[in-house]
Amino acid sequence: MVAIIPHASFTTIKLTQKTEGSQMPTEEICKINMRTRKFDVGGNSRDFECFYSNFVQTVILLGTFFYCVERLQPWSIVTADISYKQIFVNVFVVCLIMVGLIFTKYWQHGYKSLPKFDTIYSLYLPFMVSLLFDTSSTVINTILILSVLNSYRWRTQLVVIILQLCLIFFNFEAGDRLKNIISIVINSLLSLILKYIGQLKSLDNIDSNLFSILLTNILYVSEAGTVHFRILKGIILALTTIISINYVLKKVMHFKPFMLSISFAIGLPLFANTFIHLEDGENPLLWLVKYILESTIRQKILFAWSSILILSIPSILIEKDSLSLNTSRKLWHFIIFLLIIPSFQMDSNFVKIALSGTIPVFLSIEYIRFQNLPPLGSAIELQLRRFADDRDHSGPLIISYLYLLFGISTPLLMNNSPMGLIGLGIGDSLASIIGKRYGRIRWKGTQKTLEGTLAFIVTSFIVCLVLLRFDKAAIFNHLTTLQLLTLCTLSGVLEGNSVLNDNILIPAFMMICEKLITL
């Protein structure tokens, strides 16, 4: 693994004065200072703070990586699909390529061309998640990581694609090369589309590449084995298809929004019915109704969900003006936790199927809002803007609620793990509320507080202990109390020092740590 830690300082007196006089949050100041050249011997505390927060993150990430290497013994163990030796040699080569390309850009354009420190997560998260949960796709996912160095300059894109093709040639047999070349094409297109839609504001370069790799795996790389994954893959493929068709209808045939709404309403269920492949070939909607009716537990879960949402949504909307933005947003975290945890213990497969259907539904809601499709587009825009944060306001997309849904769903769908729910529903929520209200000691280099981090660790650990004690589904029976405490502590400290979106970082890292501990 390679940690990218740029030197922290300033370039000119003018830049330093401008930075110190601004009202930018500390993490934004760090991003500017870390791209400059000269070290501030005069004692600019923010420069040291940036280095400190990046150092803490690097220690945690490298520590978990080398622990993984030590446990897997890559030079001796061979899986049924691919050798761990090949996987780690490949990631080492990718790291060297990334360092080489970054150094070349620095040589040509100076410190301003260096990527953000958070670029390290574009390497760490896809590699570790793929290695621990889908080993057979680790090599291709590691190759796809190189796309994070792509830019709008065609020369850079061409160099990255050529390097990816070379890696495919050396890592795969002739029969597998075409499939993996198609993976590169799909990932590159998805990344460019996300960057274009998000304008590198709602979704920055790191977000776009992480989500493009995730979508590439869902749509193409990973095999759709379980029912919930087949449902997720089918609906997202249907959503992608109808959005593409609507784009052509709007740009080429100049369809009005009302006609696009009709096209979307008709096309999405038709394509979903086509792309969802169940084992018995049954109609997906009829299968779902039958699946729910054949179990009283599922009917009770569905009734409980409906009742809680009917009561909570109007209440939060009514009380929104009397609550702070942060508190009103975190209430949704608590509600989702209460909705899913008890239900998951009663019927985990039903919950995973429900989440697999909910993700495309929320993506559809954002598409309707983004395109302002009648009759719901304006109403959705009005309500979602009430809970939008600064990042949502900075770009065309309202992405925070989608981040939350992806964060809680991914560990459950991939590993039957409630870590995303615990980390976001309880730990992150209380860390934010307590940190903003009572926090006094700030982590160096961020706006987050030590008090908030302690709240994250303590509350997450307590919830884990409660689930360990009363968990009928045996979710945590494979973990000891000390292991749970270690997991919560590492996650809390990393969250406190990182400026990457919590809804991405916390669930993924906690899921990785949970798996590492049990290797």
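Heads up, residue numbers simply count up from 1 along the chain you see.
For all residues, glycine too, the Cβ spot is worked out from N, Cα and C.
Features reported for this protein in Swiss-Prot:
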TOPO_DOM  1-47  topological domain 'Cytoplasmic'
TOPO_DOM  69-88  topological domain 'Lumenal'
TOPO_DOM  110-118  topological domain 'Cytoplasmic'
TOPO_DOM  140-151  topological domain 'Lumenal'
TOPO_DOM  173-181  topological domain 'Cytoplasmic'
TOPO_DOM  204-223  topological domain 'Lumenal'
TOPO_DOM  245-253  topological domain 'Cytoplasmic'
TOPO_DOM  275-294  topological domain 'Lumenal'
TOPO_DOM  316-326  topological domain 'Cytoplasmic'
TOPO_DOM  371-394  topological domain 'Cytoplasmic'
TOPO_DOM  439-449  topological domain 'Cytoplasmic'
TOPO_DOM  494-519  topological domain 'Cytoplasmic'
TRANSMEM  48-68  transmembrane segment
TRANSMEM  89-109  transmembrane segment
TRANSMEM  119-139  transmembrane segment
TRANSMEM  152-172  transmembrane segment
TRANSMEM  224-244  transmembrane segment
TRANSMEM  295-315  transmembrane segment
TRANSMEM  327-347  transmembrane segment
TRANSMEM  350-370  transmembrane segment
TRANSMEM  395-415  transmembrane segment
TRANSMEM  418-438  transmembrane segment
TRANSMEM  450-470  transmembrane segment
TRANSMEM  473-493  transmembrane segment
- Query: Would the transmembrane segment (48-68) and the transmembrane segment (395-415) count as touching if the test is at least 3 Cβ pairs under 8 Å, pairs 6 or more apart?
  - Reply: no
- Query: Taking 3+ C-beta pairs under 8 angstroms (sequence gap of 6 or more) as contact, is the transmembrane segment (152-172) in contact with the transmembrane segment (327-347)?
  - Reply: no
- Does the transmembrane segment (418-438) reach the transmembrane segment (327-347) with at least 3 CB pairs under 8 A, where each pair is 6 or more residues apart? yes
- Long-range neighbours of the topological domain 'Lumenal' (204-223), counting only residues six or more past its ends (CB under 8 A): 115-116, 118-119, 121-122, 125-126, 130, 134, 137, 140-141, 144-145, 147-148, 182-183, 186-188, 190-191, 194-195, 198, 229, 232-233, 236-237, 240, 406, 500-501, 504
- Note on the structure: In this predicted model, the topological domain 'Cytoplasmic' (494-519) has a mean pLDDT of 93
- Which one of these stretches, 89-109, 224-244, 295-315, 395-415, 450-470, has the most C-beta pairs shorter than 8 Å to the transmembrane segment (327-347)? 295-315
- Recorded stretch that, among 89-109, 119-139, 295-315, 350-370, 450-470, has the most CB pairs under 8 Å to the transmembrane segment (224-244): 350-370
- Chain residues outside the transmembrane segment (89-109) and at least six past its termini with a C-beta under 8 angstroms from it: 1-2, 4, 115, 123, 127, 139, 142-143, 145-146, 149, 159-160, 163, 167, 171
- Query: Any residues 6+ beyond the ends of the topological domain 'Cytoplasmic' (245-253) with a Cβ under 8 Å from its own?
  - Reply: 259-260, 263-264, 267, 371
